[in-house]
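Residues or ranges marked as domain 'MrpA C-terminal/MbhD' in TrEMBL: C:13-76. Residues annotated as transmembrane segment in TrEMBL: C:28-46, C:58-78, C:90-113, C:153-175, C:187-208, C:220-237, C:249-276, C:282-304. The domain 'Na+/H+ antiporter MnhB subunit-related protein' annotation in TrEMBL covers C:188-303.
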Amino acid sequence: MSLLLDTFTILAVLAGLFFFAAGTAGLLRFPDTSSRLHALTKADNLGLGLIVLGLLPQMGGVLPALKLLVIWGLALLAGATVGPLIARLARQEDAPP
Amino acid sequence: MSDLLQIAALVVLVTVAGGLLRILRGPGVADRVMAAQLLGTGGIAVLLLSSVATGAPALLDAALTLALLAAFAAVALVMTAPGRGGRR
Amino acid sequence: MTGLLADLLIGAAILALAAGTVTARSAFTATAFFIAYGLLLALAWVRLGAVDIALTEAAISAGLSGLLLLGAASRLAACPVAEERAPGPVLKALIGLCCAAVSAAVGYAILSLPEPAPSLAEEAMAHLSVTALGNPVAGVLMSYRALDTLLEAAVVVLAVIGVWSLAPAGGWGGVPGPIHPRIEQGPLALLARLLPPIGIVVAFHILWVGSYAPGGKFQAAAILAAMWLLAWLAGLATPPRISSRRLRLAISAGTGLFLAIGMFGVLAEGAFLAYPPALTKALMLAVEFALAGSIAVALALLVMGPPEPEDRA
């Protein structure tokens, strides 16, 4: 059982790392601000989410696991509200003054 | 397992440090805010991974604080960004 | 091996961000760098095993100082008098020389530290049980060096008075800081309504665990202040006028209670700030809670800034 859970952890964390790397690559390589924002939200939501998912079986208790989920929830909430704000800011910047 | 998670934390750190180039390069204010946001999320991921890897539950509280304050910092950056009627 | 790599990476990134902060052309960019710098510094403190300081760093320098500097930047942009005259080459060289001299002196001091560094950590741990606290940092702050903590709390109160005394003519007694238009809809209105209740719970958690694990009043106060400031930025919470007696009482209550308990020590135990053994934990908790509230209000007011003249608002 523990081997199964450990394998799950490793796979989920690896997937999370992939999304972090992809998000960063997008942030660096994509040509315009909107595409870069799109890349960033992948790292934010999926990267952290998969790492949280992978770490859940390793927490050794329900309460620490819940705390982990709360942290992810906060990051989601922040990402969901800051994303549109950044997009609006980018539109204002593109518009001629 | 602990070693693997520490390596994972290092990998997140590397990608986030790569994202910092976006703060350096800009060009726009929005890009800089994005890079700061990525740094916050990456910092949370690093803290969570090291918390499990080193068995330090206090790092979870640090991640919780960072999650709250990173959201606050991103909002503060957007709200006071030049271009919202201010000077560039 | 991973540890060494992580240390090198964090160190290099911190240096790069520091250089970016100093060389950035606009004040806003410099502040964006500074916020990122604070976040990385928090990770560096974690690597050094100082989670208490990492928490403070994440809360104060990445969050509150960021907004403070951003506010300063937009205030500077608004008044053309502050447009700087670029310093001449002689002055620049002189500034560079002074900075280099200070850096060299600090570097020399660090390199000439005795090895291993002298430490009182063992003694602090040996007597920790007397304080009824499990977190050695809290023990040092609240018991061994309570006088320092009292003075720090008093400094925060003085800082608020200092900021208020910068109020321009016609501003004294008014509402502190610029007034933000009320945002009723959209993502910011949602965040400003959802995040503060969660933040208040987290702040109490950080305050409560502070007695046996990393955390405590300064970190909790910074989170509380950030939540108030978030609602303020969205125009949902208007701070009271600085002439309000209740506001002034809230700022000074923590330091006042700490001082009163210190004087109680003189009467009960014969020394300032000496806690009677039976009451140690209760008194320290009372001070922690009162200080957390007062420091939260004070930190938020420091970030909001002095009141502005009524007619302009």
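Cβ coordinates come from backbone N, Cα and C, glycine included.
Helix, strand and coil residue tallies for the domain 'Na+/H+ antiporter MnhB subunit-related protein' (C:188-303), in that order: 91 helix, 0 strand, 25 coil [DSSP]. Contact between the transmembrane segment (C:220-237) and the transmembrane segment (C:28-46) is not supported: fewer than 3 Cβ pairs lie under 8 Å, counting only residues 6 or more apart in sequence. With a cut-off of 8 Å between Cβ atoms, the residues of this chain six or more beyond the transmembrane segment (C:282-304) that come close are 64, 67-68, 71, 131-133, 142-143, 153, 156-157, 159-160, 163, 176-177, 203, 207, 210-211, 216-218, 220-222, 224-225, 228-229, 232, 239, 242, 247, 250-255, 257-258, 261, 275-276. With Cβ pairs under 8 Å as the measure, the transmembrane segment (C:153-175) is packed most heavily against C:249-276, out of C:28-46, C:58-78, C:249-276. Across the domain 'MrpA C-terminal/MbhD' (C:13-76), the DSSP tally of helix, strand and coil residues reads 58 helix, 0 strand, 6 coil.
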